[in-house]
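Visitor: Below is the structure I would like to discuss, written out as structure tokens.
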Amino acid sequence: STMRKRKTTDSPPASTDLSEGKEKLRLKQELGLISGVSLIAGTMIGSGIFMSPEWVLHHMGSPASSLLIWAACGLLAMFGALSYAELGTIIKESGGEYIYILRIFGSFPAFLFAYTSVILVRPAGLAAVCLSFAEYAVAPFYPGCSPPQVVIKCTAAACILLLTIINCLNVRLATSIMNIFTAAKLLALLVIVVGGLVLLANGQTQSFQNAFQNTTAGIGAVGVAFYQGLWSYDGWNNLNYVTEELKKPEVTLPRAVMIAIPLVTCLYLLVNVSYLAAMSPSELLSSGAVAVTWGDKVLGSWAWLISLSVALSTFGSSNGTFFSGGRVCYIAAREGHMPDILSMAHVRCLTPSPALLFTSAISLIMIISGSFTSIVNFFSFIAWLFYGMTISRLLYLKIKKPELPRSYKVPIIIPIIVLMAAVYLVLAPIIDQPQIEIVYIVLFIFSGVILYFPLVRFKCHPRFLQRITLHLQLFLEVAPTTRDEN
């Protein structure tokens with residue numbers, strides 16, 4: 001059948017059967033500690049830190065309160081990642097929230113998550129970051145004016161196609177690019193940090209006088225400010241999507257989290273201080289691209305380096321988003337919640353190429369018709385809805401099943417704090433500033449019911465889909481895979 005029903009309990013992986021000429025494929029365990037840190041930090045440091053600071057300041061009203069939001073977002077991301085690290089040592093499978101919801105909640109809610117993530121959330125996030133990359137990449141060719149939208153969209157599409165080729169060819173190539181670009185973007189942020197420290201040493205501290213003046217106290221405004229800040233931290237859970245490709249996941253996963261997220265949080269705080277040292281709050285609010293304005297004020301004729309750095313940063317973040325996002329599609333298909341062809345891997349490259357091609361196609365459609373506008377708030381609403389659901393099940397396992405083997409345990413107060421934050425982030429904007437678009441998002445999530453019962457629950461699959469799957473399997477040179485049980 002084109003969709004396979006998998007058991008929700010673990011079973012031993014099938015052995016290689018040479019007598020029949022069949023060999024079960026697995027994705028390689030290519031990711032070590034450095035690659036793990038690069039995947040987390042490299043995905044987190046994208047377009048957000050170069051575009052979100054003005055919006056956090058806009059919603060909070062004062063420099064000091066905006067810095068508190070950035071620190072709180074980093075702490076929340078750290079708590080969330082540590083909670084996920086424990087889940088990753090209990091359920092040692094790739095797929096992140098999807099596989100945790102499936103193993104603990106069951107098939108139906110896991111399907112709704114996969115349906116929403118694969119069709120909407122992951123492709124939309126990838127499209128948004130690639131559009132950000134395109135804006136900065138083409139800006140030097142249009143000095144003094146805005147680049148045409150068709151040029152931006154064509155560049156973003158080219159970025160997605162390039163990422164597709166890289167990730168389909170070789171996991172090691174994709175991770176090497178991730179490591180290189182992570183080092184480049186850390187260097188760029190260090191340039192901004194050092195420039196800000198020099199400005200502070202020269203006495204440019206006007207933005208920090210009466211720093212709490214005009215602070216906003218509304219719960220909705222604070223929630224939206226958190227959305228903007230957390231967009232810059234998005235990616236803190238990416239390592240959980242590729243657990244089966246980690247070397248020694250029970251050790252690598254917690255260590256990578258404890259290195260990457262504090263590093264990114266410190267850099268974000270220092271970069272925001274640097275922005276405020278170079279610009280007054282009013283200048284920062286009127287800046288269309290904060291990092292470029294900072295470069296014009298501080299670097300002068302070398303300001304083009306900032307545009308280049310932002311382009312490199314967003315490209316590296318796109319690579320990390322694409323790398324992990326394709327795995328969600330692949331794992332969901334392997335569990336029978338997506339078409340069977342998406343659960344297969346290339347017989348020579350050992351990459352989930354059908355899932356990557358599908359994610360790429362959906363992202364290209366979104367680039368053609370979409371823009372960066374409003375995507376952050378609605379992306380965050382859906383994300384924290386499912387984060388809260390996942391964290392609630394960790395609390396269930398800690399209380400009801402403490403005997404389950406786990407190599408890492410997070411103090412129970414940490415997931416409680418994350419769950420409370422998730423509830424706040426989902427409800428606060430709805431209560432304070434209700435928007436009809438949120439209703440559309442909820443309706444989209446539950447529209448998955450129409451597909452779940454006939455295709456997954458009752459397995460009503462048209463026969464012609466089997467032929468299509470067979471032809472695609474031959475054309476793409478892919479074969480079914482098996483889980484790497486730990």
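Glycine is treated like the rest: Cβ placed from N, Cα and C.
Pulled from TrEMBL, these are the listed features:
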REGION    1-20  region 'Disordered'
TRANSMEM  31-52  transmembrane segment
TRANSMEM  64-85  transmembrane segment
TRANSMEM  97-118  transmembrane segment
TRANSMEM  154-174  transmembrane segment
TRANSMEM  180-201  transmembrane segment
TRANSMEM  256-278  transmembrane segment
TRANSMEM  298-317  transmembrane segment
TRANSMEM  354-372  transmembrane segment
TRANSMEM  378-396  transmembrane segment
TRANSMEM  408-431  transmembrane segment
TRANSMEM  437-458  transmembrane segment
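Map these features onto the structure and tell me what's around them.
Guide: Under 8 Å from some Cβ of the transmembrane segment (64-85) lie the Cβ atoms of residues 40, 44, 53, 56-57, 96, 208, 211-212, 215-216, 222, 225-226, 229-230, 232-233, 236-237, 240, 253-254, 257-258, 261-262, 264-265, 268-269, 272-273, 387, 390-391, 394, 408, 410, 414-415, 417-418, 421, all in the same chain and six or more residues away from its ends.
Same-chain residues lying 6 or more positions outside the transmembrane segment (154-174) and placing a CB less than 8 Å from one of its CB atoms are 27-28, 30, 126-127, 130-131, 133-134, 137-138, 245, 315, 318-319, 322-323, 326, 346, 349-351, 353, 356-357, 360, 363-364, 367-368.
Away from its own ends, the transmembrane segment (180-201) comes close to residues 37-38, 41-42, 45, 49, 267, 270-271, 273-275, 277-278, 291, 294, 298-299, 305-306, 309-310, 312-313, 315-316, 319 of its chain (Cβ-Cβ under 8 Å, at least six residues beyond either end).
Residues 42-47, 50, 129-130, 132-133, 136-137, 139-140, 159, 177-178, 181-182, 184-185, 187-188, 191-192, 195, 199, 235, 278, 289, 291-292 of the same chain lie 6+ residues outside the transmembrane segment (298-317) yet bring a C-beta within less than 8 angstroms of a C-beta in it.
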Visitor: Any contact between the transmembrane segment (31-52) and the transmembrane segment (408-431), i.e. 3 or more CB pairs below 8 Å with pairs at least 6 residues apart?
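Guide: No; fewer than 3 Cβ pairs under 8 Å.
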Visitor: If we skip the immediate neighbours and take only residues 6+ beyond the ends of the transmembrane segment (408-431), which ones have a Cβ under 8 Å from one of its Cβ atoms?
Guide: 76, 79-80, 82-83, 85-86, 89, 219-220, 222-224, 226-227, 230, 250, 253-254, 377, 380-381, 384-385, 387-388, 391-392, 394-395, 398, 438
